[in-house]
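Working notes, structure below.
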């Protein structure tokens, strides 16, 4: 089964070029595949694709430093998510958006969260994008999709921000598992990696 996964160097080239990656979690964790790409490179068309084939619960993982710069506090003082996902207050970019929910608006908000020139006052809270705080140390400390997205962006030499959403099956709306993700990747020409590969890559 190992040959279904793309080598990390090849995946990073695709990521730098604004392509999606399918990133598989550990089987004993969530065992799901997320579509992930660099936040700064998301377009309206890419966002529409992401929403169409996913749960639609679009999240933007940020480094802790970036989340602090934008003054994005935790959604709850004591988080209760069973996997320890660090949700912050939701937001929309203020300028150039309307309702905040369209593919255009969500792509603009996502790019703006990645933009180092954006300031806290540039965002309306609450909104339609869910920023996530990656833990310091990224995958060396927590093996989640949040950290994987920021790790990929960092390795690619991009801003420490990604955009992610869980892939779901058309027929029943359940999460895609590995076999589903393999078929989806083949159909749409999207490379697949897993978090274990990334951990091994950064440990070299």
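Quick reminder: no glycine exception, Cβ is built from N, Cα and C everywhere.
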Candidate from 85, 88, 90 that Swiss-Prot assigns to the same D-ribulose 5-phosphate site as 34, 142, 143, 144, 145, 146: 85
Rounded distance in angstrom between the Cα atoms of residue 128 (site 'Essential for catalytic activity') and residue 85 (D-ribulose 5-phosphate binding site): 18
Distance [Cα-Cα, Å, rounded] between residue 34 (D-ribulose 5-phosphate binding site) and residue 166 (site 'Essential for catalytic activity'): 4
Around the Cβ of residue 142 (D-ribulose 5-phosphate binding site), the count of other Cβ atoms that are within 10 Å: 17
Where residue 34 (D-ribulose 5-phosphate binding site) sits in the secondary structure, as DSSP reduces it to three classes: strand
Per-residue Cβ crowding (10 Å cut-off), top of recorded positions 34, 166: 34
Entry from the binding-site residues list 85, 146 having the most other CB atoms no farther than 10 A: 146
